[in-house]
Ligand code: SAH
């Protein structure tokens with residue numbers, strides 16, 4: 001992030017614009033949303049600028065910029081539609097100490113103006129650092145259609161009530177009050193009785209919240225899916241939005257952690273397949289400790305929490321402490337890997353059951369029903385199996401599986417760095433060693449990529 005977004009107070013501030021035509025008028029339209037004092041320098045101003053000057057909206061000085069013209073200006077826009085004049089004006093303004101924007105010249109600018117969605121006092125600023133203006137406009141259009149037009153009215157009424165709401169203790173209780181107002185009570189009151197009803201609504205709501213008993217903490221055990229944030233369920237998203245504390249595993253992708261509230265406490269329980277990590281007791285203790293203090297805890301696990309996630313041990317710890325909990329399922333790695341291969345997990349005539357196996361358990365490489373797994377047509381997703389590939393291969397061949405049985409390793413399924421390593425039972429250990437994956441890997445026994453060469457590069461491009 002080269003450009004750091006901030007919101008600048010322009011109340012009474014001096015803003016100088018150099019330019020007498022369309023580019024300058026476009027900037028003025030934005031600046032008119034603010035209470036800035038605007039001065040425009042233009043050697044040959046367009047009639048619209050004269051009209052604005054007559055209406056008292058700008059001070060118009062009908063000559064080109066000179067040294068000292070931008071003294072005491074907080075912001076300066078070079079908007080002449082003329083590169084030489086813009087360069088000259090920008091240099092003068094910079095010498096005068098103003099922060100400079102040179103329209104359509106990223107490198108000549110000290111700041112850039114974002115695309116905006118205006119529901120004042122709610123303002124959303126969208127920037128792409130000049131990389132993709134079209135994308136910024138698309139995001140803006142998307143937000144415009146999703147943010148209710150009455151948001152500004154609700155927020156203004158809310159703003160006037162902020163002092164009164166301090167009767168509620170800071171943190172969770174106050175947050176719940178505001179969430180109730182913005183999500184439910186406020187929009188409903190506005191719809192029924194208009195803006196005039198909002199102060200009364202806020203007061204009634206505050207009285208209700210002041211009278212309510214302190215809410216007990218609880219824990220949601222939430223599946224974060226295989227990594228692509230778009231594969232998060234709507235419910236998981238909502239819970240992340242509300243959480244006071246998020247305790248997550250190592251495999252939960254950073255893009256998903258970004259979705260937690262900014263004030264939420266993030267704790268990495270960092271369990272590694274083979275390495276050191278926070279013990280199960282510690283995790284249990286942490287969840288109980290925070291929930292007992294009234295916090296909403298999200299225990300975020302990769303994939304589905306009920307698949308090789310040691311869920312039961314955590315539920316036992318919560319039950320022992322009498323803490324309320326709920327499970328929010330997620331998309332497990334096997335589903336994401338199959339999708340990546342363009343294959344289904346079950347198929348008429350091929351396999352009527354699907355096995356989810358772990359390649360290793362507490363005692364090391366895990367023993368399985370090898371005879372059943374060795375039958376032709378078997379499909380099994382083997383979690384944490386990459387290191388045990390040679391062991392798996394030995395057991396399966398010994399029980400009669402064909403050396404040419406397809407086995408496909410999928411690394412980072414659903415993520416930008418997704419990789420598909422198509423192999424067979426005979427070649428698996430060597431192929432894995434050659435590929436040297438460093439992300440999470442799931443082995444799909446009995447599945448080969450569908451139309452591998454044609455299909456996969458395209459899929460990966462889309463994900464990137
Ligand atoms: N609860 C998780 C599994 C946790 S065990 C789930 O339902 O997916 C951790 C193992 O899951 C990893 O060793 C790897 O085998 C697999 N895994 C998790 N995410 C993966 C991904 N994005 N791509 C491939 N394998 C993944």
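Using the three backbone atoms N, Cα and C, a Cβ is placed for every residue, glycine included.
Here is what TrEMBL says about this protein:
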ACT_SITE  249  active site, proton acceptor
ACT_SITE  271  active site, proton donor
DOMAIN    150-206  domain 'Sirohaem synthase dimerisation'
DOMAIN    221-428  domain 'Tetrapyrrole methylase'
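The number of other CB atoms found within 10 A of the CB of the residue listed as 'active site, proton acceptor', across every protein chain shown, is 22. When secondary structure is read from DSSP and collapsed to three states, residue 249 (active site, proton acceptor) falls in the coil class.
The predicted model assigns the domain 'Tetrapyrrole methylase' (221-428) a mean pLDDT of 92.
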